[in-house]
């Protein structure tokens, strides 16, 4: 992607004397964006701040590059770490939180004049007849109305639908790496819901107006249309990154098979699973860096 101006997407921005990214705690008054971020080529994001901090430490050791401290230390909304050309940022839970992060990351990247940036969601999910520990590399996304590759927004009281498209080559490359690492991995569609409990037909929430039979029927329908996993960010992630003219892929590990149970295990039981997407994504990034003969220290 060629360097582009914020004004390509937000013409009013040209009238603003400085730019402030409030949820990242960064602005043109306290940050030299080009000096600090111009070399960024990869943005890896997931829900948990602790997990992204751990991934940054692991990548720093693996690639033998220094890791920054938390670059969002002026706010407690998000954390962000930089390891060479890679940003590791948490997006919180769900699409509203994710959309805020992505808007401000896009502005950051354009202020830094970054080019050819790839985004990868490195997360967790529920499996649909898929065993825990399996990594799903998304082929496409499905919204809560079960529409494929569409993201729904409400603007001025009106429904707006946007294309939610992932980069097919990135997905293929990630899957090939998973196979090469002998990690359990599958391709398929990812359902993105608006909430964790009723929207995902869980039976263990505070409210439940359906039973196990209806739950299994819904999950069975998802299987028929090719859905392999469920989470709460993928349509927003794919649509916003596509709209901003970057490339995106989603690599999530299954923590629970929803055909068998609803309740997640305690973190100590699935911590090892959470390393699997990192193994795949880190190898992908190192391969890309190696193939470009880039000095990224």
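Heads up, residue numbers simply count up from 1 along the chain you see.
Quick reminder: no glycine exception, Cβ is built from N, Cα and C everywhere.
Automatic, uncurated: that is what TrEMBL annotation is.
Annotated features, as they stand in TrEMBL:
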BINDING   77, 121, 122, 123, 124  phosphate binding site
BINDING   200, 202  substrate binding site
DOMAIN    41-285  domain 'Nucleoside phosphorylase'
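Feature map: annotations from TrEMBL on the structure.
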| residue | record | DSSP class |
| --- | --- | --- |
| 77 | phosphate binding site | coil |
| 121 | phosphate binding site | strand |
| 200 | substrate binding site | helix |
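In this structure, the C-alpha atom of residue 124 (phosphate binding site) lies 14 angstrom from that of residue 200 (substrate binding site). Comparing C-alpha positions, residue 200 (substrate binding site) sits nearest to 123 among the binding-site residues 77, 121, 122, 123. Among the residues the record lists as binding phosphate, namely 77, 121, 122, 123, 124, the two farthest apart have Cα atoms separated by 20 Å. Sequence-distant neighbours of residue 77 (phosphate binding site): residues of the same chain at least 6 apart with a C-beta under 8 Å from its C-beta are 23, 24, 25, 92, 100.
You'll find the Cα of residue 202 (substrate binding site) roughly 23 Å from the Cα of residue 122 (phosphate binding site). Residue 121 (phosphate binding site) counts 28 other C-beta atoms within 10 Å of its own C-beta, drawing on all protein chains shown. When the neighbouring Cβ atoms lying within 10 Å are counted for each of the binding-site residues (122, 200), the highest count belongs to 122. Applying an 8 A CB threshold to same-chain residues 6+ apart, the list for residue 123 (phosphate binding site) reads 46, 47, 231, 233, 250, 251, 252, 253, 277.
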